[in-house]
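One structure is given here, and the rest of the page talks about it.
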Amino acid sequence: MANRNNVTEFILLGLTENPKMQKIIFVVFSVIYINAMIGNVLIVVTITASPSLRSPMYFFLAYLSFIDACYSSVNTPKLITDSLYENKTILFNGCMTQVFGEHFFRGVEVILLTVMAYDHYVAICKPLHYTTVMKQHVCSLLVGVSWVGGFLHATIQILFICQLPFCGPNVIDHFMCDLYTLINLACTNTHTLGLFIAANSGFICLLNCLLLLVSCVVILYSLKTHSLEARHEALSTCVSHITVVILSFIPCIFVYMRPPATLPIDKAVAVFYTMITSMLNPLIYTLRNAQMKNAIRKLCSRKAISSVK
C-alpha cells in the first residue's frame, strides 16, 4: 500500500483565493474563534468554581463546553493562519490528524447531547427518582461512554481512510481535510467505503437526532401535569437543548446522509458546524439560564474584587 501512496501532502484551496477576501476571513474567523474559546472556557470555569452549579445538568454542560472548545480548535486555527498565505498545504499525517480530531470530538458531542437529553428526561419526568438515578458515578460513567464512543467512531473512520491509495491529484477544494474530499482523491473504487461512511456518520447522527427529538416530545407532553413555573423552566431547558441539537445534527445529516460527493455549499456548512455552532452553544445555554447568568456575574464580581485588593 505504501508504494501506491505517492502523496505526502495535500493542497487546500481554502474558502477563497481572493487576497482581499482572505484578509476579511482572517479577521472574521479570528473573532469567531476567540469568542468561541472565551465563551466555552468561561462556562467550564464558572461551573467548576460555583457550588450552586453542582447538578448533573451543569456537569454535562461543562464537558460539552470543553468539547466545543477542543472541536473548534481542530480546524479553525489552520484556517486562520492559512488565510495569511497564498500556498496552503497540509502534510498527509496532519490531514489524517484533522480527520481523526474532527470525528473524535464530534462523536463525543453527539453521544453527550443524547446523554444530556436523558438527564433532562429524568429531571422533568421522574423528579423524585432524579438523585437516585443520576448519581455522580453514573454521570461520570456516561461521560466516559461518550469519550470511548467518540474514540471508536473516529478510529474506525481513520483506519479506512489511511488504507486508501493516494496517487494524485492532491488538491482539496476545501479549507480542511474531510472524509468525502479525501475518498474522492483516492485512486481506487470507494463506492462501498462511501456507503460505510454514510452509515457510520450520517445514520448515527440521524438516529441520535430522532432519539433526542422523541425525548423532547415526551418531556413536553409530561409538562401538562406540572405547575406553571415548572413548565416555564422545563420549556426553557428543552428549547435550549433542541436548538443546540438542530445546530449540531442537521449539518451532519446533510453532509453524510448522501452519496460521497462534494458540493459548493459544503464549505459554508462546514464553517457552520465546526466554528459557528461552537460559538453559539455557550450563548444558547447561558442566555436562557438564570442560574448560569447569576453564577457568571458572581464569578466576574469576585475576580474584580480580588484584582482591586
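Note that Cβ sites are derived from N, Cα and C of the backbone, with glycine treated the same way.
With respect to the membrane, Swiss-Prot annotates TYR180 and TYR221 as residing on opposing sides. With respect to ASN87 (N-linked glycosylation site), the closest of these recorded positions in Cα terms is CYS95, chosen from ASN6, CYS95, CYS187. It is 138-156 that, among the stretches 56-77, 138-156, 194-217, 234-256, 268-287, forms the most Cβ pairs under 8 Å with the transmembrane segment (99-118). Taking pairs at least six residues apart, the transmembrane segment (24-47) and the transmembrane segment (268-287) share three or more Cβ pairs below 8 Å and count as touching. You'll find the Cα of ASN6 (N-linked glycosylation site) roughly 15 Å from the Cα of CYS95 (disulfide bond). When the neighbouring Cβ atoms lying within 10 Å are counted for each of the glycosylation sites (ASN6, ASN87), the highest count belongs to ASN6.
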